[in-house]
Amino acid sequence: MSLVDPMSDTTPFFSDDNEGEGSAEKDDRPSPEQEEDSPSGLSHIRAHLTVVVLCYINLLNYMDRFTVAGVLPDIEHFFNISDGKSGLLQTVFICSYMILAPLFGYLGDRYNRKMIMCVGIGFWSVVTLASSFVGKDYFWALLLTRGLVGVGEASYSTIAPTIIADLFIKEKRTNMLSIFYFAIPVGSGLGYIVGSAVDNRAKDWHWALRVTPALGLVAVLLLVCVVKEPKRGAIEARPEHTLQRTGWLADMKALCKNLYFGIITCVTGVLGVAMGVGVSQWLRKRTPRADPLVCAAGLLLAAPFLYLSIIFAQKSTVATYFFIFFGEMFLCMNWAIVADILLYVVVPTRRSTAEAFQIVISHLLGDAGSPYLIGVVSDSLKQADSYMWQFRSLQLSLLLCSFVAVVGGAFFLATALFIEKDRQIAENYVQAGDCDRGVTPKACMLVVFPIFYKQ
């Protein structure tokens, strides 16, 4: 069948599921016993290995994103730019990511997802490496390369959760998604830690951007050698880097003195995701509205802790870290649950598109402009060019985050009113002519909610 037929399940190279990866002469399809193990067409061992690879790539994805945050002061000094301009680095990246997500969502629902991820991650690795060679007079080139990094992230983020959804169902899917989303806070913290550590050791922030590209090439090899495309929706057919010279202890002691924030992010990320999943699974036995209620509680509990962490930043470092710990932990309760909600209110053949739509709306209303907005507000509040006013203006501008967290909690409470009905409609999906009853307009509101907790 021709490549131009987007609904083909047998297209070569950009094939829909995994039908295009084999041939008649080379029978590498799963054995009948493996087929019995899982209707996805993959054995249980291969399915779990696939999740491990996807988790590694997700970890790497967020390491790269927050490596820039770890070396941002050096970047500002190197290019002699203001808070507003440095915020553009994240804004340009998010805008690229946001704009390209629908394209990859479209492709992910129609063609070979494994191949799309391989090409995207390979491109992302090359562009990230190129950004580490930008000279002092070419800040625009750094902006350009950070924007192009969004290509790789869009190709992965819209597709990986849908592969997991095609490998597992019910509580098993939720558990696998929770493991997958552990990589977000852990990767964010590691990016901050690794970026700062490499920058301090090399005395050049450019080197910090050369770590993840090498790991990205490893990711491509793992995708090629380990990951196989599961059959879309078939599972639901059943009822059922290192330091030199000094020793390891000396390195860890030095890192712990300078990188509390990165460590807190790693720990609270693991605790928050685990707590969110645990509470959600417990509450599901009592109400079908458990998922949005847990997400709402996480955001509403996080808001006061985030506010207090900002207020105490000038007076007590210990108190600041204490409140950050609990604020981040409650924020991270949402990660796996929101992904699960999105997947079970959308039919299997349109989940990549739904992931893309969620990415567009959440980043459009959230972190596409928020780094630049916070930087501009900070610059406008400065009354003198002093260290204290640099601190004070940024402190006041960050208070906006607590307010947005409360608004996010309110939206999740609203979601609880119709989540049960939307899930039933998706599970009982039928198509009549041009009228698709698989997703209701109300379900689309879900895509707005992640803007209140995403990094």
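Glycine too: its Cβ is placed from the backbone N, Cα and C atoms.
Keep in mind that this is a model prediction, so the values were computed, not measured.
Under the heading compositional bias 'Basic and acidic residues', TrEMBL lists 23-32.
Here TrEMBL flags 50-455 as domain 'Major facilitator superfamily (MFS) profile'.
Annotation source TrEMBL lists region 'Disordered' at 1-41.
Annotation comment: TrEMBL describes 88-108 (among others) as transmembrane segment.
The transmembrane segment annotation in TrEMBL covers 115-135 (among others).
Through the fold, the transmembrane segment (176-195) approaches residues 51, 54-56, 58-71, 160-161, 164, 167-168, 205, 208, 211-212, 241, 255, 259, 261-266, 268-270, 272-274, 276-277, 328, 332, 335-336, 339-340, 343, 455 of its own chain, all at least 6 residues removed from its boundaries and within a Cβ separation under 8 Å. Residues or ranges marked as transmembrane segment in TrEMBL: 176-195 (among others).
What TrEMBL records for 207-227 (among others) is transmembrane segment.
Same-chain residues lying 6+ beyond the ends of the transmembrane segment (259-279) with a Cβ under 8 Å from its Cβ atoms: 70, 174-175, 178, 181-182, 184-186, 188-190, 192-193, 196-197, 294-295, 298, 321, 324-326, 328-337. According to TrEMBL, the feature transmembrane segment maps to 259-279 (among others).
The transmembrane segment annotation in TrEMBL covers 291-313 (among others). Long-range Cβ contacts of the transmembrane segment (291-313) within its own chain (Cβ-Cβ under 8 Å, at least 6 residues beyond either end) map to 272, 276, 279-280, 283-284, 319-324, 326-328, 330-334, 337-338, 340-341, 391, 395, 398-399, 401-403, 405-406, 408-410, 412-413, 415-416, 419, 449, 452-453.
TrEMBL lists 320-347 (among others) with the feature transmembrane segment.
Positions annotated as transmembrane segment by TrEMBL: 396-419 (among others).
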